[in-house]
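In what follows, a structure is listed as structure tokens, so that the remarks can point back to it.
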Amino acid sequence: MDSDLDIARRAEPRPIEEIASKLGLSTSDLIMQGPTVAKIQWNTMKSKSSSRQGFLILVTSVNPTPFGEGKTVTTIGLNQGLNRKGHNACCVIREPSMGPVFGIKGGAAGGGFSQVIPMEQINLHFTGDLHAVTSAHNLCSAILDNHLHRDNELDIDTNRIFWPRVIDMNDRSLREVTIGLGGKSNGLVRSDRFDITAASEVMAILSLSRDYKDLRARLGRIIIAESKSGEPVTAEDVGAAGSMALLLRDALLPNLVQTLEGDPAFVHCGPFANIAHGNSSIIADSLALSCTDYVVTEAGFGADMGAEKALHIKSLASGKTPDCVVINVTVRSMKLHGGGFSTGGGKRPPKEELESENVDATRKGAASNLRRHVRNISMTGLPVIVSINKFSTDTDAEIQAISDEAKLAGAKDVVIFRGHAEGGLGAGELADAVVNACKKHDESGRQYSPIVESGMSARETILKIATNVYGAHNVDFSPEALRSFETLKKWGLDKLPVCMAKTQYSFSHEASELGAPTGFTLPIREIRINAGAGFLVAICGSMMTMPGLPKRPAAMDMDMDEDGNLMGVFG
């Protein structure tokens, strides 16, 4: 099969005005970013906000292998499949971060015949939204350090500065830095760190803001430090929030593109799901829901990560819960969780192990990892469809093993997905299952019971997620985390939702713990306050918010020819 890049380059994209017309939008509703990309005018966003609402379908996954299991492919393919079936549908996905693009992943715009285009542009810079987030975040950092340099009128405790700097790149050398070296004129000497832009609170704020007023208010609530008297110091206090909002004005507007089959797709915001809340923007979801009957969106990594945060963070901000959840699974991921590979979690297995039939390992993995994911989502009352992303080397016996275990776990339906090789045609079975599940859920009153109830303390929330979702026996809070709870209570922030930052490869904090581990103690190293975004971040174990590059980064196999064409990139 041809590479993703070759397939994308052969596509004949339609003018973005034609794609917009499928959403009931005209040229006057668009801010053109070229012939195949457009942002949506703010006045259009406002006029659509009270329109009818379609069904929302959330695509999630099992705990993945390092290859990824095709969640974005499934999201895009399902959108194409729904449109092929005559339904008015759209998908909403996150914008790729250049860190993973140049690191291990090599692109995140789908794959095969289920891609969004222009693929190269989407993966590299796109409309500049991530750069706007980086700039807004670092502007706040610059204003903060200037305040410290100019007499520190707010009496900020320089040992209690919470606001890092960010960059959209994987660079482990920036995890701990010292700034202000070179003399008094260069500012205050202090320790600092860089996070990746996808983990920035500004990214979370952009993703969760309903409108410009909400965006501006959230930016002002960002807590960047603590004063010597123990009071929070905000971005508003140092005078940074207004200028940050200016930099984000255009970034708040969703980006409209198309699939390979000419179906509408929004690409907007890109928080990671392991170290952030892992979902695209609520403003793009809202627009899509007002324009179509079915909206397919994805939540990053496994259902223990992005889907849990979609239900307990994103849904709280948007007021909209999914009508159906699709759990994407592969034979190779179940082999991994069933002990079928000589390598552990987070490591790429040998090709011969990937392609060799191993029904026992596949069944064991499905009976543990998949079943727990299905059970967790089913506890909320939402219907679960298991979609098996089929590869050419998968055998009928392996697929049957997954299907059997998924049904035993309570999945409403189990289907085979061939969207990578066949596009929307290979997603027809999944499209039918999703439509059926959405309609039945609607007829039954759209029942939904969150695992985490509103009003719980942060400590209770962490314990509930750890025990009910991850399978932990207990939680061990570090002394620093315990001190944070005292501060949160004093500041009236102890009942904010919690975003868990942990490895994506396991239910536990250890990537090597495969399947469905139980009885472990989950260590909480640190609690970070994202008051502007409206949640707390609990750092589990050794989780880092600045990734590093692998031994051979994908960037080393990328180049450009004399005509400016990209080479060796994105598969």
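Just so you know, glycine gets a Cβ as well, placed from its N, Cα and C.
The Cβ of Glu69 (ATP binding site) has 22 neighbouring Cβ atoms from other residues within 10 Å, across all protein chains displayed. The feature ATP binding site is assigned by TrEMBL to Thr65, Pro66, Phe67, Gly68, Glu69, Gly70, Lys71, Thr72.
Here TrEMBL flags 339-366 as region 'Disordered'. Within the chain carrying the region 'Disordered' (339-366), a Cβ under 8 angstroms from the stretch's Cβ atoms is held by residues 63, 65-67, 329, 331-333, 393, 395, 397-398, 401-402, 404-406, 503, 505-506, 510-515, all 6 or more beyond its ends.
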Sequence-distant neighbours of Phe67 (ATP binding site) in its chain (C-beta under 8 A, six or more apart):
Arg332, Arg348
With every protein chain in view, how many other Cβ atoms are within 10 Å of the Cβ of Gly70 (ATP binding site)?
28
Secondary structure composition of the region 'Disordered' (339-366) [DSSP: H/G/I, E/B, coil]:
13 helix, 0 strand, 15 coil
Among the binding-site residues Thr65, Thr72, which residue has the fewest other Cβ atoms within 10 Å of its own Cβ?
Thr65
Secondary-structure category, per DSSP, in which Thr65 (ATP binding site) falls:
coil
